[in-house]
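Since the structure comes first, as structure tokens, the remarks are kept for the end.
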Amino acid sequence: MTKTIMLANPRGFCAGVDRAIAIVERAIELYGAPIYVRHEVVHNRFVVDDLRGKGAVFIEELKDVPPGSTLIYSAHGVPLSVRAEAEALGLTVFDATCPLVTKVHVEVKRMNKAGMEIIMIGHAGHPEVEGTMGQVDAGIYLVQTVDDVATLRVVNEDQLSYVSQTTLSVDETRDIIAALKARFPNIHSPKKDDICYATQNRQDAVKLLADQCDIVVVVGSPNSSNSNRLREVAALKGVDAYMVDNASLLEPEWFAGKRRVGVTAGASAPEVLVQAVIDRIKAFDVTQVTELPGVEESTVFALPPALRPLF
């Protein structure tokens, strides 16, 4: 049985990931190795291993950073306590926090200053959630599901607002927001939807892909939130959906009896991994590869001034 590979568009790296990787590479170029990075700069094993080979040292605790070293915050952002600790240690710091995550941080501080309690829609333990909730000392509560909304306790229902993790499922978040508004009619919304453009575009693209395919393969690492959401979105469309870190994890039996194979990638997965997956699937009697139409992304985020090229 001949097969066709269909590629989602857009897929792979977003502007925030491009910027975060460039910050690490540029810091190594200017300051020399080692450059310390708090947490994986983006959630992709291939990217992290590549940067480690160039001289990046990934740590979770600042106690592991020698005094006077250069430190980079990951794209997911950090709590205010980490910034204070880095300053106390006299570290040279570059911030690779995605600007769209920083926007949520600013929103949280604004809401807190206005005297509002804040509900954070997100996944417990994710570094973006920890960073966002760590922008204020108190008065912020985590909600992960619609069921959580029913048991939520707040001090003042009339002084309540919400923000979201930027990499969530658009549809799932919509349901949670609807539940919040039903229980707390006076809840304040953020000025703009917190789900980032790249998350939205990739989820829209995988829905289109799943509608035309018998199976969808998402390229992404297990700890990548947006990659996991892509697999879930595809599965909800009723097709077999798998997520793989690399081509070696593909199982031939997945493709038995499948004629149209969809491939996409999370925002932290490089195109080189996608091409390797395509090459591997081609061995399963694939006759053609086609790319679906999609949204063209032109967003570019600038590097910190000290890391920008002079010319």
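Each residue, glycine too, has its Cβ placed from N, Cα and C.
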Quick check on the annotation: Swiss-Prot has His76, His126, Ser224, Ser225, Asn226, Ser268 binding isopentenyl diphosphate, so which of His43, His188 does it put in that site too? His43
Of the candidates Cys14, Cys213, the one that Swiss-Prot places in the [4Fe-4S] cluster site of Cys98, Cys196: Cys14
Name the residues of the same chain, 6+ apart in sequence, whose Cβ is under 8 Å from the Cβ of Ser224 (dimethylallyl diphosphate binding site)? His43, Asn44, Gly266, Ala267, Ser268, Ala269
Close to Cys98 ([4Fe-4S] cluster binding site), taking Cα pairs within 10 Å and only the binding-site residues His76, His126, Ser225, Asn226, are His76
For Cys14 ([4Fe-4S] cluster binding site) and His126 (dimethylallyl diphosphate binding site), determine the Cα separation and express it in whole Å. 19
Let me make sure I understand the span of the dimethylallyl diphosphate site: among His43, His76, His126, Ser224, Ser225, Asn226, Ser268, what is the greatest distance between any two Cα atoms, in Å? 15
